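Enquirer: Before we start, here is the structure in question, set down as structure tokens.
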Amino acid sequence: MGLDLKQLCVRERTNLESFTSKIVAIDAYNAIYQFLSIIRGPDGLPLTDYNGKITSHLSGLFYRNINFLSLGIKPLYVFDGKPPSLKSAEIQRRKQVKKDATIKYEKAISEGNYAEAKKFAQQTSVLRDDMVEESKILLQLFGIPFIQAPSEGEATAAHLTNTGQAHASASQDFDSLLFGAKRLVRNFTNSGKRKLPNRNTTIEIEPEIITLDKTLSSLGITREQLVDVGILIGTDFNPDGFERIGPKTALKLIKENEKLENILQIQDKLNEIDYEQIRELFLKPSVANVPEIKFDNVDYGGIVNYLTRERSFSLDRVETSLNRLKKSLEKKSQNLDQWFG
DNA sequence: CACTGTCA
DNA sequence: TGACAGTGG
């Protein structure tokens, strides 16, 4: 799933601190889905409130945004709108993966295989509309702005990096680059060790930045050609890609032939997909026009109220974290007062 | 994922 | 102090 551009990109290590005072357009669905699938108890089930409603997404957003704001990072969440119709095959495929995972989960449970059960439980995650609404409530209480994209969120996030309204776009998906994001940040989190699924080892996860211009000049191709490379590898709009063509071959073919139409050996397959429309989706996507981006004050009381009274969060934990944020923000305004006061 | 408590 | 296991909801 997703577009496998990892080995073709110029990826540079970075850290959260280098985004202080910068607006970063965050692929909201990407972030929330990650929380939903990863923040789970030992049994593999997501966290829930007294009503049995899932709260994993709220836990993730709560702590991560506290970190962002504490560091002076300005997150702007971009939510997906209606997916392009060309995406329906991919959406259908993902649904099927979830169905299969549900069966495998139940099998693992009945066999008493905990680790397997957890793995498959994660794959069953579904991001529902009410979770999106709840996430927006929490963002609003944090004073963090969010926008609704007309179609793909990544497209609008990429657009904002070009209008100068955002410094970078944050997502795990490389599609952002095809949409023209000037800078893409992956692993936009605190660095730390993560356990690999299955294996008994841990790896260090660190934020990384991919600059589109650097990547294009290192590959020696244009953005239009990168889109063609993407189509050869397989995008959400042609998930199967082309047989026996991976990132390396795709790049080679485009460099040798300039564009899809000139690659003789793929013409039969190429005519089975609407490649011109796929190009258009990446190169001229429908995006939101964003007049101004405003950050509000944090509504500390409102956050405590919502998370503890309505969503079963521990008062102690919520207050401890919010006090840490308050301290950081006060320190920041003191620093400003020293300059202007 | 991100936090907390424990133990060397 | 820092690595790791366990917990959060």
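The count begins at 1 with the first shown residue.
Each residue, glycine too, has its Cβ placed from N, Cα and C.
Per TrEMBL, the features are:
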BINDING   A:Asp27, A:Asp80, A:Glu152, A:Glu154  Mg(2+) 1 binding site
BINDING   A:Asp173, A:Asp175, A:Asp236  Mg(2+) 2 binding site
DOMAIN    A:1-101  domain 'XPG N-terminal'
DOMAIN    A:140-221  domain 'XPG-I'
REGION    A:1-98  region 'N-domain'
Enquirer: Over the span of the region 'N-domain' (A:1-98), count residues by DSSP class, listing helix, strand and coil in order.
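Expert: So the counts come to 44 helix, 18 strand, 36 coil.
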Enquirer: For A:Asp27 (Mg(2+) 1 binding site) and A:Asp173 (Mg(2+) 2 binding site), what Cα-Cα distance in Å is obtained after rounding to a whole number?
Expert: 9
Enquirer: For Mg(2+) 2, what surrounds A:Asp173, A:Asp175, A:Asp236 with a Cβ no more than 8 Å from their Cβ centroid?
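Expert: In sequence order, the nearby non-listed residues are A:Gly2, A:Leu3, A:Glu152, A:Glu154, A:Phe174, A:Ser176, A:Leu178, A:Thr235.
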Enquirer: Sequence gap of 6 or more, Cβ distance under 8 Å: name the residues on the same chain that satisfy this around A:Asp236 (Mg(2+) 2 binding site), in order along the sequence.
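Expert: Listed in sequence order: A:Gly2, A:Leu3, A:Lys87, A:Glu90, A:Asp175.
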Enquirer: What is the three-state DSSP composition of the domain 'XPG-I' (A:140-221), stated as helix, strand and coil residue counts?
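Expert: Within the domain 'XPG-I' (A:140-221) the tally stands at 26 helix, 22 strand, 34 coil.
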Enquirer: Any same-chain residues 6+ apart from A:Glu152 (Mg(2+) 1 binding site) with CB under 8 Å of its CB? Would you list them in sequence order, or say none?
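Expert: Same-chain residues close to A:Glu152 (Mg(2+) 1 binding site) (Cβ under 8 Å, separated by 6 or more) are A:Asp80, A:Gly81, A:Pro83, A:Pro84, A:Asp175, A:Phe179, A:Leu281, A:Pro285.
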Enquirer: Rounded to the nearest angstrom, how far is the Cα of A:Glu154 (Mg(2+) 1 binding site) from the Cα of A:Asp173 (Mg(2+) 2 binding site)?
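Expert: Pair distance, Cα basis, whole Å: 9 Å.
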Enquirer: Show which residues of the chain containing A:Glu154 (Mg(2+) 1 binding site), separated from it by at least 6 in sequence, have their CB under 8 Å from its CB.
Expert: A:Asp27, A:Asn30, A:Val78, A:Ser169, A:Ser171, A:Asp173, A:Asp175, A:Ser176, A:Phe179, A:Ala181
Enquirer: Which of A:Asp27, A:Asp80, A:Asp173, A:Asp175 (the binding-site residues) has the most other Cβ atoms within 10 Å?
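Expert: Of the binding-site residues A:Asp27, A:Asp80, A:Asp173, A:Asp175, the most buried by Cβ count within 10 Å is A:Asp27.
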